[in-house]
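What TrEMBL says about this one:
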DISULFID  Cys47-Cys50  disulfide bond
DISULFID  Cys386-Cys389  disulfide bond
DOMAIN    9-124  domain 'Thioredoxin'
DOMAIN    336-464  domain 'Thioredoxin'
REGION    469-500  region 'Disordered'
SIGNAL    1-17  signal peptide
Amino acid sequence: MKYAGLGLFGLAALAAASDVHELTGATFSDFVSENDLVLAEFFAPWCGHCKALAPEYEEAATELKAKSIALAKIDCTAEEDLCKTQEVTGYPTLKIFRGASNVQPYSGPRKAQAIVSYMTKQSLPSVSLLHTGEALEEFKTADKVVLVGYFGKDDKTSNVTFEEVADELRDSFLFGATSDPALAKAEGVTPPAVVLYKTFDEGKNTFEEGFTKEKLTTFAKTASTPVIGEVGPETYAGYMAAGIPLAYIFAETPEERASIAKTLKPIAEKHKSKLNFATIDAGAFGQHAGNLNLEVGNWPAFAIQDTQKNQKFPFAKQGSASDLSAKSIGKFVDDFVGGKVDPSVKSEPIPEKQEGPVTIVVAKNYQDVVIDNDKDVLLEFYAPWCGHCKALAPKYDELATLYKSHSDKIVIAKVDATLNDVPDEIQGFPTIKLFKAGSKDAPVDYSGSRTVDDLISFIRDNGSHKIDVSSAETASAEGVETDGMPMQAPAATASGAAEKVKEKVKEAAGWVKDSLLDDEDADEHDEL
């Protein structure tokens, strides 16, 4: 792993100086009751993701100790009953405790400073009241991005709107407010107004018109995004949650990324409300270029991802900085915004003959097999390297065999999501969805145990045709049991369609897997 270089002495010293509290079933309840705010990690010693998180978690614990925010860890191989009670289904699982009964999942990035920032926000009220100039100045620099509302004392409407936005976005931003007219005057704003202060670009942006929850939310998300930022494990989820396309600039060195960013900045500024621009370290995350249908290894390169439709638009020329000139990229982006660029579709060939009980789907026949028919279609999205998928395969084959006589109403299918562009949001492998007849635009996600009987019940209860079959004639499925596996394997792709913010946060896990795990380790670890 990345941290092998610490050596035995370094690891021993780290353990001795740990600010992370190790809890057991006997100490857990008292600890979360005695501390106002606790971040607890439920882990397994063998888990690769847990090992990668450990030094980041230690660093965050030390910094948060000064803010009276406690970080703890629980070894689920030793404390099985406690982890079962806390409904831990994968490793690591991070949860925030405000006492024993107030529990919520941690959904932030898993880097030290991101943990510190996230937990600091959790420790504060959704809106901090700022009564003095000194308090305002201190608050402005409390995080990379903060929002301050300037309201009249009797303006309850604006205050309520601001608080509603703060409640929804508290995991992402710090919110403050003041009703002191002198502070508003000093900032050059007329209440009601919101100023977003940031440590990049122009330093701040002001919102003063159309004071609605929707417009204020859009302002916060748009103004907080750099004109040209950087894509990585800590920022990817935010870009996916922004709801607008993302333009990637792949380059190997910081110097080249900075140079190309400077060249393309006027284009990014021109289209700021329509798409985001970001550089990406091609050395660390170059494999993601393949997800965007670029040639991996041929740098620099440029591509646009429509996160709403899960479509990719790679720029044809790559390999030289001169290919990414302001003129050529400017025209490409103008054409994209104008709807003049066709998406690139990666697909395996359509099978000449469907062999085996499971129907093979590729991008080129996806519409015909999955969407344009009156059948219920159960579709597994898999990856060839995924251990969970391999373990499921014999049961999935058996399932398909059971429905053979109902092929006019039900199709059991699978698609290799690493080799085919699909329009559906995939966070992990295997992902199973039921596209029911008459409601193909609203597939039902399967989240039950991976057994033949449970899949049969799922199809019967959720399908339009309500077909019921029995697995009795084949008894219980032979092969490797998969229902005991904790969670999905993390997706190797980082491509995405627009989705709920929570799903985007999960999708960011793929970045961490790519940067911390070797390919041969991928089957061993649960979703981060």
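Yeah, the Cβs are placed from backbone N, Cα and C, and that goes for glycine too.
TrEMBL does not curate its annotations; it predicts them automatically.
TrEMBL feature annotations superimposed on the structure.
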{"residue": "Cys47", "record": "disulfide bond", "CB count, 10 Å": "20"}
{"residue": "Cys50", "record": "disulfide bond", "CB count, 10 Å": "23"}
{"residue": "Cys386", "record": "disulfide bond", "CB count, 10 Å": "22"}
{"residue": "Cys389", "record": "disulfide bond", "CB count, 10 Å": "23"}
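The separation of Cys47 (disulfide bond) from Cys389 (disulfide bond), Cα to Cα, is 19 Å. In this structure, the C-alpha atom of Cys386 (disulfide bond) lies 16 angstrom from that of Cys47 (disulfide bond).
Per DSSP, the secondary structure of the domain 'Thioredoxin' (336-464) breaks down as 41 helix, 27 strand, 61 coil. The residues of the domain 'Thioredoxin' (9-124), classed with DSSP into helix (H, G, I), strand (E, B) and coil, number 51 helix, 22 strand, 43 coil. Across the residues of the domain 'Thioredoxin' (9-124), the predicted structure has a mean pLDDT of 89.
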